[in-house]
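Here is what TrEMBL says about this protein:
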REGION    1-26  region 'Disordered'
ACT_SITE  Asp91  active site, nucleophile
BINDING   Tyr146  substrate binding site
DOMAIN    184-286  domain 'Pseudouridine synthase I TruA alpha/beta'
REGION    352-375  region 'Disordered'
COMPBIAS  352-364  compositional bias 'Polar residues'
Amino acid sequence: EENGHQSKRLKRDADEEDAEDQNKKSPKRKIVLLMAYSGKGYHGMQRNVGSSQFKTIEDDLVSALVQSGCIPENHGEDMKKMSFQRCARTDKGVSAAGQIVSLKVRLIDDILEKINNHLPSHIRILGLKRVTGGFNSKNKCDARTYSYMLPTFAFAPKDHDVQEEVYRLDRETLEKVNKLFACYKGTHNFHNFTSQKGPKDPSAKRYIMEMYCGEPFVRENVEFAVIKVKGQSFMMHQIRKMIGLVIAIVKGYAAESIIERSWGEEKVDVPKAPGLGLVLERVHFEKYNRRFGNDGLHEPLEWTEEEEKIAVFKEQYIYPTIINTEREEKSMVNWLNTLPIHDFNSSALGIQANNKNSKNSSDLEGSDGCDDDSD
């Protein structure tokens, strides 16, 4: 009997030693993951624990982290236990080429391969870096770059009968588009480019570093262009409204002076371009990199080695989804047909009346990726 007890105790001790060895081999460390995903069919990035009917990107990510053995199962149920933080809360249908999440994981062998094995092909972990223990991807992020891909016929003059597949953007119009986007650079009061913020709200002031439209290219017989915008942070619908207003001016629905007017206290009717086409391109950690990037222990949070993988992912999953959805659902064509309804000269009272009459479900879709929690 005594021998039986002894052998059980020895077995238990051996098991505990094995578990300890395993934990020593893969201790928990604070890391960041570089993520790319196509957002179609998802209700955004952020997980809603207990709401399984609205599938999010984080639902699939957490499941893959548990299955690969990076985190214990209970950390998936309570994400605070792994100090999880996403850099930007991308919204319903919005894709990302360079999303960053920070969390504590067990650094198991072949960690990226194992996580990706449990993810669908339209969600990929493209890179991993060790970071400081107190790192928080949202708070340490000092700028975000978004892109917006749209068919160039969006810029065709309103009184021209445009055949979508035939239209090509001329040099003069592209220059006008970029001159207007350049007006957004600097710090402005963007209260007219979001909802539920008054002109006196200090958080409506945002700093835009750059905004421009790149050279057009043809896909599936339709010409597209990609708009890039880099800013410290963005409010709900801000990017889509910035683009919507420039389209309205270029098409001839609104005067150029409306941009300047929109910074003032007066309420201005700013149209919101469709959500399709919006992509979180990359997030910037310039202050963190200066302080810790070359301290001998940590790497700077830059992803030059992953650039090629990011480009391949966009070509394979993000751009085809935007192009095919545009062709099937014609979201830009349908939205352009609503521009004549906007009154770009109306008073605040007129707009309030119009807004009451035109509350529709698309207003409930949320933010341009970085909702107000990016402040």
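Cβ coordinates come from backbone N, Cα and C, glycine included.
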Handout entry: Whole-number Å value for how far Tyr146 (substrate binding site) lies from the residue listed as 'active site, nucleophile' (Cα to Cα)
Key = 13
Fill in the blank from the handout: Counted with DSSP (H/G/I as helix, E/B as strand, rest coil), the domain 'Pseudouridine synthase I TruA alpha/beta' (184-286) has 27 helix, 33 strand, 43 coil
Completion exercise
Looking only at the domain 'Pseudouridine synthase I TruA alpha/beta' (184-286), mean pLDDT returns 95
Fill in the blank from the handout: Within 10 Å, the Cβ with the most other Cβ atoms among the recorded positions Asp91, Tyr146 is that of Tyr146
